[in-house]
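Visitor: Following this message is one structure expressed as structure tokens.
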Amino acid sequence: MRLLERIRKEWFMIGIVLAIAGAKLEPSIGVNGGPLKPEITVSYIAVATIFFNSGLSLNTEELTSALVHIKLHLFIQIFTLAFFPAAIWLFLQLLSITPINEWLLKGLQTVGCMPPPVSSAVILTKAVGGNEAAAIFNSAFGSFLGIVVTPLLLLLFLGSSSSVPFTSIFSQLFMTVVVPLIIGQIVRRYIKDWLERRKPPFGAVSSSVLLMIIYTTFCDTFSNPNFDLDKFSLILILFTICSIQLSFMLLTFIFSTRNNSGFTPADTVAIMFCSTHKSLTLGIPMLKIVFAGHEHLSLISVPLLIYHPVQILLGSVLVPTIKSWMVSRQKGVKLTRPTV
């Protein structure tokens, strides 16, 4: 029974492994021009489906209560969409002298450019008992910002690696990301009661479509005779990602707990998760658009595929520790309040 429950929880991680293994065994099915026709089904239909689904599931009505905490929102958005990519770029200047595969390093830079995820940061913030409303707002708002900011950051840091014209990228992003997202929000207004009553499996739908995108991406890779993934580079990237995740969580903790920060312990919890988590659901489709036809697309995607499970694993492991700290701090604040 426990095994079945664990499989249900981890099915997406298992799906990623199976998608990559399937692409390795039979790459001809998912390559451009193959039976799946990914140049149409993935580049347009699959990506549009994910963002229509996001628009349909995004409960923007719940975000108004968190809107007033501007300082907290600015901290999270500036950290995740400005400080994070800039810090990674500086760090990669040092890593560039190492033997790590250059395309994995470029992939690490793309991780830094990604917006926060819609789900994992919120789930972990809620598990700790932090400021869930702030986590929801920043995840949703960061996703909207990411539609515009992330492609700009990718072009800024990796412009020479992109083979797609600037106007072409944004026209495709508009048609496959912005338009479906807006349509999803409009449809939601008319079927809101039904959605709240039936609670459709939005997460499972997006994850299933995302697995198809991952599968076709790696089909392109494994069909390339020049593909060579260095295991040593992969191990170093995994270690680097774990180090970045822990270092940035510690950094946000230090900044948000200073005496003059103005943040509560519950705010700090939301800041730690929202500022350091990155979206796989938004990231992979965007990479597919920005680096369409690029022979090293799958290598560029690998760090993001690693970062996603690492952020969930590390976050889950740290939940009891962070919760214990938050509760003790909140008790301390109550004890120091003067009685009237």
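Using the three backbone atoms N, Cα and C, a Cβ is placed for every residue, glycine included.
Note that the structure is predicted; figures quoted are calculated from it, not measured.
Among the features that TrEMBL reports, transmembrane segment is placed at 12-30, 42-60, 72-92, 104-124, 136-157, 169-190, 202-223, 235-257, 269-291, 297-319.
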Visitor: With Cβ distances under 8 Å as the criterion, find the stretch in 12-30, 42-60, 104-124, 269-291, 297-319 that has the most pairs with the transmembrane segment (202-223).
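Guide: Comparing 12-30, 42-60, 104-124, 269-291, 297-319 against the transmembrane segment (202-223), the winner is 12-30.
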Visitor: Tell me, please, if the transmembrane segment (136-157) and the transmembrane segment (72-92) are in contact, taking contact as 3+ Cβ pairs under 8 Å between residues separated by 6 or more positions?
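Guide: When sequence-distant Cβ pairs are counted, the transmembrane segment (72-92) touches the transmembrane segment (136-157), since at least 3 lie under 8 Å.
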Visitor: Per the definition of 3+ C-beta pairs under 8 A with sequence separation of 6 or more, do the transmembrane segment (297-319) and the transmembrane segment (104-124) touch?
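Guide: In this chain the transmembrane segment (297-319) contacts the transmembrane segment (104-124) - 3 or more Cβ pairs sit under 8 Å.
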Visitor: Counting Cβ pairs under 8 Å that sit 6 or more residues apart, are there three or more between the transmembrane segment (169-190) and the transmembrane segment (42-60)?
Guide: yes
Visitor: Among 12-30, 42-60, 104-124, 269-291, which stretch has the most Cβ pairs under 8 Å to the transmembrane segment (72-92)?
Guide: 104-124
Visitor: Go through the chain and flag residues at least 6 beyond the ends of the transmembrane segment (42-60) whose CB is under 8 A from any CB in it; none is fine as an answer.
Guide: 36, 118, 136, 140, 143, 172, 175-188, 195, 200, 202, 205-206, 209-210, 212-213, 216, 281, 285, 288-289, 292
